[in-house]
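Peer 1: Dropping a structure here in structure tokens format, bear with me for questions.
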Amino acid sequence: MFPQRLDSTVAYAIAKAMIDGFNRHYRLFRTESARAKHRFETADWHGQQRAQRERIEFYDLRVREASIRLEREFKAGEQPMDVWHQVKLHYIGLLVNHHQPELAETFFNSVTTKILHRSYFQNDFIFVRPAVSTEYIENQEPTAQPTYRAYYPTQGNMHETLVKLVEDFGLCREFEDLRRDAGYVAEAMAARLGDVKLRANFQIQVLSGLFFRNKGAYVVGKIINGFGEIPFALPILHRQPAPGQVLPADGKGISSQSDAGKLVIDAALFGEDDLLILFSFARAYFMVDMGIPSAFVQFLRSMMPRMPRAEIYNALGLAKQGKTLFYRDFLHHLRHSTDKFRIAPGIKGMVMLVFDLPSFPYVFKVIKDYYPPQKDTTREQIKGKYLLVKQHDRVGRMADTQEYSEVAFPRERFSDELIAEIEKFAPSQLEISDRDGDGQMEVIIKHVYIERRMIPLNIYLQEAFDFGVAEPAARDQIERAVVEYGNAIKDMVAANIFPGDMLWKNFGITRHGKVVFYDYDEIEYITDCKFRKVPTPRNEEDEMSGEVWYSVGPKDVFPETFGPFLLGNDAVREVFMKHHADLLDAAFWQRHQARIQAGHVYDVFPYDQQKRFAVMHGPARAG
């Protein structure tokens, strides 16, 4: 029950200290995000990667700071519960005119649950649902930018409007030929619109912040005409060197203004599917300067209605808010469904126990207590690998995960087979009890990773085999899968990631047909591996031996040995050798390793090469 009077002398001080802690967090988060513009302008790619990694750690650091302050100044953990009731009410009052209330509520939950005992994690003490609306939040300060800008082109001035639209972002680096690129965009927009009549409300709306990731900046907006809306994005890149030209860089890998090239609009992406791939859960988080993040999320959701708000917050780098919203969505789904959790279909992993709820598009992964001898690893090492992926550029090829502790599920929703599986392989991670004292038995998982469910690649291929490889549809499916598999590995190589275990079962197919890796317990940095050719046998005995007769170090990798594990099917082998035979050659890996060690940052495009203007409009510019 909430108190009728706010009579505690310390409750307001605790609430104020907590909101001060959040404001400090978001100020630092926003400052780091805004600096991405300068790093893009100066081609500081290594700085951009470093900032993306470090920003992920900001939230936990600020939560820890706030918790320490509350304990030191107010002995917060010793305060009675009626004081904590009042703290929450004061905190709600402080959020009335706040520009990030939903993030501040989540921050309150994080700090409170760090201080209070779990038995107090009830609706009265934390924000189970939002208390403050995020609708129509606006910054009324005269110097504040609106969330988005609107432009009203006509048939006659579309080209000039697009030039102004890009110039309004104020990039401090010259374009190679902005008028030419704006012409390409205008042509692409005209083709997309077709012969429709331009209505009275015809306009282009663009979010006022550029979206920065890796070596690109993205204009994100939508075209509105009558009752129709078309989402779009314009990738802006530094001009690439001509084939064979290598741009010199200093010791930090930063190219000079003249060397790195001028800016170009590289493509025009249209429609929800293109945007969903751009904002995919398998890519690194964007850096974008947002005063009112909920307004950005609302705008993006209007463009991608199939994308959960939780994943949009994740894509914007606000992973803790994404985690909060995901859990709320999960509880809502549980309340409105009746199916049971089960052991996930597919080949069981040696390190992870995986289960799912058929009606829910995610899987739950628990680290096992015991591993077979060939898996020389520990729980902490596995958690370290998942953290590495979280902080790394996932280049659209590694699934993002959400990490949770002490997650409670209704016992009646778990199949007995699943309970037996957890008791056998991960007993330390399982508790079955009435923890809340409400008479309902719960399954409590101590530590779990949650990620998007995909079709395992081995199952996808088996479906084609079962259909019959002589059938054109089956052969097309095999070709798409194998080509995408090789592309996925090469994209990961470009990001300095060696997957370790390259078996088909460790990759999945997304709804857009992309192949994504999701088994991280053996990943390594490419630069930490030693890629070798298998030595020439010394004699006939070596050649005929079924055992490895040569020395193998802990980080040694022999690419030519991948074939027997991957290419047992003739149809698969034919496609693989046609498109990706280089993956079986140690020289391929050594070459990429050397370039990464030399400071080169590869380009990985979140769209098809055929959509690039340099491809569509010929060799007029290097691209």
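Every residue gets a Cβ built from N, Cα and C, even glycine.
Keep in mind that this is a model prediction, so the values were computed, not measured.
Per Swiss-Prot, the features are:
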BINDING   Ala344, Pro345, Gly346, Ile347, Lys348, Gly349, Met350, Lys365  ATP binding site
ACT_SITE  Asp400  active site
Peer 1: I need the most crowded of these binding-site residues: Pro345, Gly346, Gly349. Count other C-beta atoms within 10 angstroms of each C-beta and give me the top one.
Peer 2: Gly349
Peer 1: When you measure from the Cβ of Ile347 (ATP binding site), how many other Cβ atoms are you left with inside 10 Å?
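Peer 2: So the number of other Cβ atoms within 10 Å of Ile347 (ATP binding site) is 12.
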Peer 1: At the Cα level, what's the spacing in Å between Pro345 (ATP binding site) and Asp400 (active site), rounded?
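Peer 2: Per the Cα atoms, Pro345 (ATP binding site) and Asp400 (active site) stand 20 Å apart.
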Peer 1: Nearest to Asp400 (active site) in three-dimensional space, by Cα, is which of the binding-site residues Gly346, Lys348, Lys365?
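Peer 2: Checking each of Gly346, Lys348, Lys365 against Asp400 (active site), the shortest Cα distance is to Lys365.
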Peer 1: Among Ala344, Pro345, Gly346, Ile347, Lys348, Gly349, Met350, Lys365, which the record lists as binding ATP, how far apart in Å are the two most distant Cα atoms?
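Peer 2: The span, Cα to Cα at its widest, is 15 Å.
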Peer 1: Over all shown protein chains, what is the count of other CB atoms within 10 A of the CB belonging to Met350 (ATP binding site)?
Peer 2: 16
Peer 1: Whose Cβ, among the binding-site residues Lys348, Lys365, has more other Cβ atoms within 10 Å than any of the rest?
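Peer 2: Highest number of other Cβ atoms within 10 Å: Lys365.
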Peer 1: Going by DSSP, is Ile347 (ATP binding site) sitting in a helix, a strand, or coil?
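Peer 2: For Ile347 (ATP binding site) - judged by DSSP and reduced to three states - the answer is coil.
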Peer 1: Name the secondary structure element type, per DSSP in three states, that contains Asp400 (active site).
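Peer 2: It is coil.
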Peer 1: Within 10 Å of the Cβ of Asp400 (active site), how many other Cβ atoms can you find? Include all protein chains, please.
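Peer 2: A count of 23.
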